[in-house]
Amino acid sequence: MIMTESREVIDLDPPAETSQEQEDLFIVKVEEEDCTWMQEYNPPTFETFYQRFRHFQYHEASGPREALSQLRVLCCEWLRPELHTKEQILELLVLEQFLTILPEEFQPWVREHHPESGEEAVAVIENIQRELEERRQQIVACPDVLPRKMAPPGAVQESCSPQPLTVDTQPEQAPQKPRLLEENALPVLQVPSLPLKDSQELTASLLSTGSQKLVKIEEVADVAVSFILEEWGHLDQSQKSLYRDDRKENYGSITSMGYESRDNMELIVKQISDDSESRWVAPEHTERSVPQDPDFAEVSDLKGMVQRWQVNPTVGKSRQNPSQKRDLDAITDISPKQSTHGERGHRCSDCGKFFLQASNFIQHRRIHTGEKPFKCGECGKSYNQRVHLTQHQRVHTGEKPYKCQVCGKAFRVSSHLVQHHSVHSGERPYGCNECGKNFGRHSHLIEHLKRHFREKSQRCSDKRSKNTKLSVKKKISEYSEADMELSGKTQRNVSQVQDFGEGCEFQGKLDRKQGIPMKEILGQPSSKRMNYSEVPYVHKKSSTGERPHKCNECGKSFIQSAHLIQHQRIHTGEKPFRCEECGKSYNQRVHLTQHQRVHTGEKPYTCPLCGKAFRVRSHLVQHQSVHSGERPFKCNECGKGFGRRSHLAGHLRLHSREKSHQCRECGEIFFQYVSLIEHQVLHMGQKNEKNGICEEAYSWNLTVIEDKKIELQEQPYQCDICGKAFGYSSDLIQHYRTHTAEKPYQCDICRENVGQCSHTKQHQKIYSSTKSHQCHECGRGFTLKSHLNQHQRIHTGEKPFQCKECGMNFSWSCSLFKHLRSHERTDPINTLSVEGSLL
């Protein structure tokens, strides 16, 4: 990028006055020389090869063929096809175009860092923007103080830019307001010498404040930072740091001359420079602007902000709104003692949290002050951060920009999409080390850990006296930030609260107003980016079991207000969540989500063993107990285990002799609801007998019983052949086998095929020696209860199967089928209808 060029003498005054005012002018003269020593000092880089290729001129070659050849060589030096792949070369071309379209104030700064990819360039720009935001908060006015020496020592070098450095001067002949010029006069920046090759030096003449030329205030920043990018790369880290600090001083001095923000907010901080011998008073009626110069790469960010500043005619206290004043006081009221390890930052006086950026500190302060400056124009709801307001406004607009690529479901917040991904993957990365239970969300794990915390704290308080202080020995295993890749299946294992111990000591007394921080429960992670220290405090109710939210209707209490709101919908009958497909409403959103899967056919929960899918996670959990044989719900009375909680609840009624289901016909009470339905079928048969119709077949008609049970449930699964509907897909699958005559289950003993798994178990009882069902009349035993029922008809003379053609009765259905064949020739259609009704 550094080429041999002829440098012209840079003169700041017209040529006619050069001989007379050599002592008064700011002159920089560099003779023509070969800059190969700079290449030795700074070896060619990727940016150097790129600049050689871009700035190659046609006249540098002897002819068109040589020019084309040199361009090819320069392009190969830049793109390096022998080392880079096609994708890498494309990335370099995209990077070159990206750097070209950047704003002028960003281009030199980004090229200084020599990014090798577009991502690196974007990262540099984001860092610049963050630094701009931080400096915008920190730039303040130093009242009436301007340092005499504003240039960093040993920082200015020779400028390789072909553009001359111009400094506007006021000719001595101009009579306009000489007094004002003297008031606006500033000492010209001292340019220290830097040793060059062959003992050449960069000389600079300084202007005096009396009869010599005066420099405008607006150009102080340009003169102070007249560095070119190549020169900046020659400085070491200490010189760069010194230059940055002094650049801030220069800019603070410019603002002290009367420049204020557009909002007329007066920013006050301590003086930057100790040199307070010379003071200048800001002009009373002056309006100036700082000119732009794209060559000043290092301070292009500050110059952009200087242009947005205006001179305030009345230098004094500016009007501020309360929120600006609070934010300003929070920034300025920071002492050096509040920094840690010499770092520059801001520490919160309320909670002690430390922030490096002022913008983050201001947002944090709003948590303590309760300020919510961002208000929704639709509903008037306020938020303390703009991003929260943006998310809330999507509720009114219906915008859902985050879409799942698997099922197409859209979300308003990106975190909701991340949580939704775990539904498809079935992943539960948050595990409890106490009981081994896994959770798909971190909030669910926290709620689960609170239960362990309450149990152990209650156990501890029972053993100790009331005067004993309660404490928790916290221990948490470190988990790294690398374990937190969402796209790579999050693998976080949050450690559990461990070792509560017999004796408990609490580090601070708990009163009703004081809470237990979450870091007392979970500890602190090792990663700075995963900062859970801002998790809200957990109220004392987490450890005492307090339920402050009480229902006025039934008196039931809840820990969280959201649970109370959901519970109150039971009393009010409110069902705000409605299905757009069928119009059915629900009182909870999760119920609506589960119902909508009936229409969409979505089954996101898949069993990894057999591949069976389910709409609800709880159904998958119940199904997995089939493979594992686990029966987690055990009866404390007899020790019997059950796979479902509802089965255990029905079993417990046997011990408590609780009979909650009563028949309205005869008043008989039953333990289970299915027993009540079976009993009501008997009453139906008795009523039909009074009408002269024998309906004894209804005494054990499972079809009627199932129809009774499904009356209160949905029946979304319908058979395409006969139109019959079912509440569960498994019932529909079994029903299809009646049409297809499929028998997938086989007996292991005789290899006979059956249509249902339950029929297989009944069939295998034939080969067993045990006959548990015994007739009380003759003592004969049977393996199946249905066989016993058929046998008992011999003793009772019961004939429940009747032919509708001739009225003849039979004890068994097989006898009726044989009889019906005699009517086939006369009326085969009626015979088929009778067979269908019996089936």
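Glycine residues also receive a Cβ, built from the backbone N, Cα and C atoms like all the rest.
The average pLDDT the prediction assigns to the domain 'SCAN box' (51-132) is 80. Residues annotated as domain 'SCAN box' in Swiss-Prot: 51-132.
According to Swiss-Prot, the region 'Disordered' annotation covers 151-175.
The compositional bias 'Polar residues' annotation in Swiss-Prot covers 158-173.
Taken from Swiss-Prot, the feature domain 'KRAB' applies to 218-291.
What Swiss-Prot records for S335 is phosphoserine.
Here Swiss-Prot flags 346-368 (among others) as zinc finger.
Residue counts for the zinc finger (374-396) under DSSP, split into helix (H, G, I), strand (E, B) and coil, are 11 helix, 4 strand, 8 coil. Residues or ranges marked as zinc finger by Swiss-Prot: 374-396 (among others).
Summarising the annotation, Swiss-Prot assigns zinc finger to 402-424 (among others) and lists sequence analysis as the type of evidence. Secondary structure by DSSP for the zinc finger (402-424): 11 helix, 4 strand, 8 coil.
Marked as zinc finger by Swiss-Prot on the basis of sequence analysis: 430-452 (among others).
As annotated by Swiss-Prot, zinc finger applies to 549-571 (among others).
Under the heading zinc finger, Swiss-Prot lists 605-627 (among others), citing sequence analysis as support.
Here Swiss-Prot flags 633-655 (among others) as zinc finger, drawing on sequence analysis.
Feature annotation from Swiss-Prot assigns zinc finger to 661-683 (among others); the stated evidence is sequence analysis.
The zinc finger feature in Swiss-Prot is assigned to 717-739 (among others); the stated evidence is sequence analysis.
What Swiss-Prot records for 745-763 (among others) is zinc finger.
Under the heading zinc finger, Swiss-Prot lists 773-795 (among others). Sorting each residue of the zinc finger (773-795) by its DSSP state yields 11 helix, 4 strand, 8 coil.
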Per DSSP, how many helix, strand and coil residues does the zinc finger (745-763) have?
7 helix, 4 strand, 8 coil
